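See structure below.
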Amino acid sequence: MEITHRKGGVGRDNVDGAAEAQLAKMGYQSELPRNLSMLSVLGLSFAIMAVPFGLSTTLYITLTDGQSVTILWGWVLVSIISLSIAASLAEICAVYPTAGGVYYWSAMLATRKYAPVASWVTGWLTLVGNWTVTLSINFSGAQLILSAISLWDEDFVPNQWQTILMFWAVMLVCMLTNIFGAKYLDLINKICIYWTGASVIIILITLLTMTDTKRSGEFVFAHYDASASGWPSGWAFFVGLLQAAYTLTGYGMVASMCEEVQNPEREVPKAIVLSVAAAGVTGFIYLIPILFVLPDVQLLLDVANGQPIGLLFKTATGSAGGGFGLLFLILGILFFAGTGALTAASRCTYAFARDGAIPGSRLWKRVDKRFDIPLWALVLSTVVDCLLGLIYFGSSAAFNSFTGVATICLSTSYGMPILISVLRKRRAVKHSNFSLGRFGYFINIATLCWICLAVVLFCMPVSLPVEAASMNYASVVFAGFAAISVIWYLIRGRKDFTGPPVPVDVAPGEEVPVVGVEKTDLEGASPVVAKDTEKL
């Protein structure tokens, strides 16, 4: 494969050539335009986490499982843990900046003998995590849109068909934005940062100035009541961490955008870590005024569709119009979140299909030259999510399942390359330009312990007792996709899947040049063709 070196000195074209050459060394041809900046990727990650939106749509979880202490300090705890995971992933991403993300990293970090199975397991976890986090964002968004009607008509309770149709409409808008707005994704992602920041400030000022009766500081920072959960008091706190953990899961998804960014080995790791830090601060600022103006908790828990944030805004402002005005800001964040999550999911699908790991890979790996996007991967991600939404007909607590399985799959997919790196004594990341240094082992092991706990926690129902309709089906959805993965591995993967195109067996982090690929010497602005190379 030949990479054409562009003229024009040490500028954008030169950097582009270097990025393409680096990608070629990892075994892939550059097919997507590199038109995203670090700020854009940060905005995408920030959009997927959609802090005010995510915290609002899952508020019923923490109101049930501990209230103020779980809401506020649970958020702080999970923010610190997520920052550790993000730093661990950024360290690896700086070494292997490719759209394959964690699944490619698992293959490169493992020995060649175990690379195929390591990448297969990680890849399916990532794929399902990307699909279900997109599903959960847009499904809760549909519920939130319908909840706006109840601000004026308190007796309105959307039926299952209304919820599903609204969900499909939201998915369609996100898909069309990804297709026809592909060239504007950089701008959309940047606008998300400003929209979210402005929304949080507006909500903070409006709530604190318009509410006559406020809670005490003791209630906001120290009140704990898990009586509505049915769980033992201490355990309820951990079950309630699903709110924060679900909201702070999307940061690793943006690794799939590496092939659309200039200097991905530097810019994407930076965006991953900064987005989590920004999300943590944003969430803390957003939650404090919410807790100060919190109305009667039971009133919020009795909201028919499980989305109490609209009623909270209405109660705080004293009018349906005021409540909708604040809710509209949250719904704006939904647009960025749903669009961004579907963008990342489609790139993840494309990258995994590129290595033949999904049934019908030849179709899903195609890049549409009209829009410069993996169009069929986008369509597949949309259709899968629309079909999974039908679970709502069998379970009124379907959203619990979507959030749970998204959190479990993404957390475990993040954990796989970190685990392999630790087992191989972190040799691959020794010279990473985003190195964790002497704290690397401690941070990696602490994050792995959390991920193990999270898998157990987020299969739990929010409250007891449990009936069939209110059961958390996260484990069932997880098992279903695991079965598909295993069956497809037995049918096709075992024989044909060799994992990403990596060298036969190299030491972690060892650079192996590829025949015919130019290495760009940026300092001298001159291309150098690799010699004495080993063919992938």
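Placed from the backbone N, Cα and C atoms, the Cβ positions cover glycine too.
What TrEMBL says about a protein is an automatic prediction, not a curated fact.
Record features, source TrEMBL:
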TRANSMEM  36-61  transmembrane segment
TRANSMEM  73-96  transmembrane segment
TRANSMEM  117-141  transmembrane segment
TRANSMEM  161-180  transmembrane segment
TRANSMEM  192-211  transmembrane segment
TRANSMEM  231-251  transmembrane segment
TRANSMEM  272-294  transmembrane segment
TRANSMEM  326-352  transmembrane segment
TRANSMEM  373-393  transmembrane segment
TRANSMEM  399-420  transmembrane segment
TRANSMEM  441-464  transmembrane segment
TRANSMEM  470-491  transmembrane segment
Where, among 36-61, 161-180, 326-352, 441-464, do we find the most CB pairs under 8 A to the transmembrane segment (470-491)?
441-464
As a test: from 231-251, 272-294, 326-352, 373-393, pick the stretch that has the greatest number of Cβ pairs under 8 Å with the transmembrane segment (117-141).
326-352
Is the number of Cβ-Cβ pairs under 8 Å between the transmembrane segment (373-393) and the transmembrane segment (161-180) three or more, considering only pairs separated by 6 or more positions?
yes
Between the transmembrane segment (399-420) and the transmembrane segment (73-96), are there three or more C-beta pairs closer than 8 Å, counting only pairs 6 or more apart along the chain?
yes
Cβ under 8 Å, sequence separation of at least 6 from the ends of the transmembrane segment (326-352): give me the contacting residues as numbers and ranges.
44, 47-50, 52-54, 56, 98-101, 103-104, 123, 126-127, 130-131, 133-134, 137-138, 141, 144-145, 147-148, 151, 170-171, 173-175, 177-178, 181, 185, 188-189, 191-192, 195-196, 198-199, 202-203, 206-207, 250, 253-254, 256-257, 260, 309-310, 313, 317, 358, 364-365, 367, 373-374, 377-378, 380-382
If contact means at least 3 Cβ pairs within less than 8 Å, sequence distance 6 or more, would you call the transmembrane segment (272-294) and the transmembrane segment (441-464) in contact?
no
I'm a bit unsure how to read this: which one of 73-96, 192-211, 231-251 has the highest number of Cβ pairs shorter than 8 Å with the transmembrane segment (36-61)?
231-251
Determine which residues of the chain contact the transmembrane segment (441-464) at the Cβ level, with the cut-off under 8 Å and only residues 6 or more beyond its ends counted.
60-61, 64-65, 81, 84-85, 87-88, 228-231, 238-239, 241-242, 245-246, 397, 400, 403-404, 407-408, 411-412, 414-415, 418-419, 421-422, 426, 470-472, 474-475, 478
